[in-house]
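Positions annotated as transmembrane segment by TrEMBL: A:39-59, A:79-102, A:111-132, A:152-180, A:192-213, A:233-252, A:272-294, A:314-338, A:345-370, A:390-411.
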Amino acid sequence: MSTTTPDAIASDAPEDLVRSYPRFIWWGLGEATNGGVGFYLWMFVLTAIALVGANAWAVQVADGMIVTNMTDHVSWGLYIANFTFFVGLAAGGVMMVIPAYLYDDEEMHKVVIFGEIVAIAAIIMCTLSVLVDLGRPDRFWHLLPYIGRVNFPVSMLTWDVLVLNGYLLINLHIVGYLLYMQFLGRRPNPKWYVPFVFLSIAWAISIHTVTAFLYCGLGGRPFWNTALLAPRFLASAFVSGPAFIILVMRILRVTTGYTAPVSAANTLIQIIRVSMTINLVMLASEIFTMFYTGGAHGASAHYLFFGLHGHHGLVPWMWTAIICNLIGTVFFFLPAALERGSIRIAACVLCIVGIWIEKGMGLIVPGFIPSTLHEIVEYTPSLTEWKVSAGIWAFGFMVLTVLLKMATAVFHSSGESAKPTA
Amino acid sequence: MTSHPNNPSNEPLLPILDQPSSRRTALKAAGAALGLAAFGKAVSPLMVIPENVSVDEFLQQHYKELTDDDKAKVFARLEAETKEDYGADVTISDPEAIPGVKFGYAINLSKCNGNGACMEACNKENNHHRGVDQSYIRVLEMSKGSMDMEQGSTTYDHTVPQDDKFYMPVQCQQCDNPPCVTVCPVEATWKEDDGIVVVDYNWCIGCRYCEAACPYHARRFNWEQPEIPAEEVNPDQGYLSNRVRPQGTMEKCHYCLHRTREGRAPACLEACPTGARVFGDMNDPDSDINYVLKNKRVFVLKEELGTQPSFFYFFD
Ligand code: SF4
Ligand code: SF4
């Protein structure tokens, strides 16, 4: 955005329009809710799923968490699993920003904003995933600084709340400012966004590191208590984030005709290749220590990969994840991945699914099995949990769709390269 | 998706605000209204919140910020609520830690025979949900010759004691360095001066982070509102101990502080038929617990985690 020449914008700039920021947002929302039949159908389906989720959550609040399949033994389940994945997605969204600003990759500037939009939607999904996991959502205000009573700086969960909200604000500011300037036909002033862009890079790393510390700081859970957890989180985030953005760009191209520069996607694929390799190497070394040494650290891993004492609820999950990740990685290394073909799409989907399982059910649940007194109590999410989670995904996609439409509408209105398809 | 015209020069820019209503804006408004109505319907089960959570309860401050006046009001409200919900007359008290006292608990593993009387007593004393065999204590049946909990079991249902087994009750170890307190994001749980780790059931947000952090499986969550027949409700209740806990909050063993701070023994000790349990003030040179600490070879569970329990085990 920042690279568009001032005159190109000036000629098409909507000079005579109301310029205030709230009005701009209102205008954007109006634009974002215009669309064809396909668009309305898509939003209708998402709304329906989100409503089913909202209803399931409301019942859960009324009847208690007993409607989930979580227990005193497995006290976190699908919600926190999703939360962990979303944090990665949000952190990965910023992977567009690093090449753009640190390496001055000009082409990347055009798509950076989409990465940040993905990050915004992902953070909203994170927050919702935590909210639905609270036994007393009516007391959420206890978590607010000054009004409540936050355990800062000792509790990692407090840190997580702070960094996630901070990350949301930073990204809202960058996206909002850049789009508004584009809308006004003015060149964005680097003073107002470049520092924030650099901040968001550091911050993205912090949100995922803090989330990893949430688990690896617990001495009583040997499966999580490994220093490799945070780096593994980052490596997988830098796969799932860019893979997701590639898919989003593809959908944008098909639906709105907004075409991202080829080199941008190729940079992302290079990032994925490196990150996925690092991720797999770290996974392999974790597996080695867990199985070669055995003991308490090995029990959860045993349960996860092969089952333990006749219980193997997670075995199919984990092997699915490994197969998805391996095939996805191979696909990414094929030359065909650089083309806008089906191999690239398949590679993205496979890696996203693989990482969703690996960072979610494959990480959170085995931390609780066997329990700290070495009892084995298994866990499979209840229908309520699936509904609530689906609702959060649907709502996240609604947010994503609206934000993407707002962004493309701004580009259209300011005469950016995008050409609407028929 | 089909294209949508949005050439800024001839398309109204503010589609709802300040615009003559067109078919599209009317449709949008209708859609938004429908969506809102559907949303209202979907979340309508939440209407129980105002019924179950009074304004006073919603706004109640952290235990440590309550004045004596506030406490009196809160306790009266809780007593009335228990009467309404459970049909039982109860008194809620708030005995404070006795200065200079540090409680300790020890278990004689040579005596414990796994009969489970302590679990039953805990369940009754603490107004636990009756639907499940809830208790703050778990008794592990372990193979002789091994301290490996991996080989233990809590779900045995044969006669006890078995010849080749020994029995190890585990409950909150009231750690001096309690991971549960460290992780709580809202300070809903803390360690009192006499060494007891407590929970403010009216401040806990139910995130269950402490349950994940505790290495001894000592914490329990109220997955639903506890059900207790009126005649079984224990009327002698402490705010920080055995009062009926609200749905969606954390609870745990509190060394029966409403009894022990008044000089009585914990319910589990009183119920133990074998005399395996020893409780008392570790700072008092004449206490039983001090005798055990001085004269027996005691050990703690998972010492390597640095939690520093005030709960000890020994063999005679
Ligand atoms: S045993 Fe568990 S609940 Fe008790 S103080 Fe230690 S960590 Fe906290
Ligand atoms: S469940 Fe309650 S006591 Fe436990 S960490 Fe969360 S807020 Fe604190």
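For all residues, glycine too, the Cβ spot is worked out from N, Cα and C.
Within the chain carrying the transmembrane segment (A:111-132), a Cβ under 8 angstroms from the stretch's Cβ atoms is held by residues 1, 57, 60, 79-80, 82-83, 86-87, 89-91, 93-97, 100-101, 140, 161, 164-165, 167-168, 171-172, 174-175, 178-179, 197, 200, 204, 241, 244-245, 248-249, 252, 260-261, 264, 388-389, 392-393, 395-397, 399-400, 403-404, 407, all 6 or more beyond its ends. Scored on C-beta pairs under 8 angstroms, the neighbour of the transmembrane segment (A:152-180) with the top count among A:79-102, A:192-213, A:272-294, A:390-411 is A:192-213. For the transmembrane segment (A:79-102), same-chain residues at least 6 beyond its ends with a Cβ under 8 Å from one of its own Cβ atoms are 108-109, 111-112, 114-119, 122-123, 125-126, 129-130, 132-133, 164, 167, 171, 194, 197-198, 200-201, 204-205, 207-208, 211, 233-234, 236-242, 244-245, 264, 267-268, 271, 355-356, 359-361, 363-365, 385, 388-389, 392-393, 396. Simply put, out of A:39-59, A:192-213, A:272-294, A:345-370, A:39-59 has the most Cβ pairs sitting under 8 Å from the transmembrane segment (A:390-411).
Long-range Cβ contacts of the transmembrane segment (A:39-59) within its own chain (Cβ-Cβ under 8 Å, at least 6 residues beyond either end) map to 67, 132, 255, 383-384, 387-395, 397-398, 401.
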